[in-house]
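According to TrEMBL, the 3'-phosphoadenylyl sulfate binding site annotation covers R27, S35, K152, G153, R154, T155, H156. Marked as disulfide bond by TrEMBL: C135-C147. The annotation domain 'Sulfotransferase' is assigned in TrEMBL to 14-172.
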Amino acid sequence: PSYFVTKEAPARISSMSKGTKLIVVVRDPVTRAISDYTQTLSKKPDIPTFESLTFKNRTTGLIDTSWSAIQIGIYAKHLENWLLYFPIGQILFVSGERLISDPAGELGRVQDFLGLKRIITDKHFYFNKTKGFPCLKKAEGSSKPHCLGKTKGRTHPDIDQEVVQRLRDFYRPFNMKFYQMTGQDFGWD
């Protein structure tokens with residue numbers, strides 16, 4: 001996942017193969033930041049609150065863009081770097097939200113992008129209510145279903161709604177630019 005935000009990655013990948021097709025899964029950057037925080041919290045339970053890490057100064061509402069959980073969701077900035085090395089037509093942006101709500105539809109887009117015959121359909125998935133994610137009915141070569149690992153689908157902490165709204169306001173111009181750059185409205189807001 002860090003390839004997309006690593007400054008050197010596009011040049012390195014381009015030098016290996018300029019014709020590489022790239023697939024990037026993106027999700028609402030606010031949810032993404034909370035999820036990133038939740039993952040860190042699971043490993044380091046004594047970290048400061050999400051709210052305190054979000055702001056350089058909470059009184060003024062100045063967002064701390066140096067915090068990686070915030071930085072990663074500024075997709076337009078990262079995409080600009082990739083577009084120096086790859087045309088937009090070689091990059092497919094998959095909606096993380098639609099990957100959950102319509103996995104077969106999103107994977108259909110992936111199969112089309114890669115020039116593959118569509119073989120993955122709705123019949124390959126079921127929704128696991130406990131995880132909150134779709135699961136494959138059975139993994140290749142196995143008789144049992146395959147779901148995402150235990151690090152996926154964690155319950156997010158309750159975040160102050162004013163902080164969530166400030167983050168939505170912060171990301172909005174970056175999201176709009178990202179929608180223009182990709183020709184895709186992901187509906188985050």
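Using N, Cα and C of the backbone, Cβ positions are placed for all residues, glycine too.
Just so you know, TrEMBL annotations never went through curation; they're auto-generated.
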Rounded inter-Cα distance in Å - R27 (3'-phosphoadenylyl sulfate binding site), C135 (disulfide bond): 19
Neighbour-count leader, CB within 10 A, binding-site residues: S35, T155: S35
Other C-beta atoms that fall within 10 angstroms of the C-beta of C135 (disulfide bond): 17
Packing count at R27 (3'-phosphoadenylyl sulfate binding site) (other Cβ atoms within 10 Å of its Cβ): 19
Inter-residue Cα distance where the pair is C147 (disulfide bond) and T155 (3'-phosphoadenylyl sulfate binding site), in Å: 16
Whole-number Å value for how far S35 (3'-phosphoadenylyl sulfate binding site) lies from C135 (disulfide bond) (Cα to Cα): 20
Mean predicted confidence [pLDDT] for the domain 'Sulfotransferase' (14-172): 90
Position of peak Cβ density within 10 Å, selected from the recorded positions C147, H156: C147
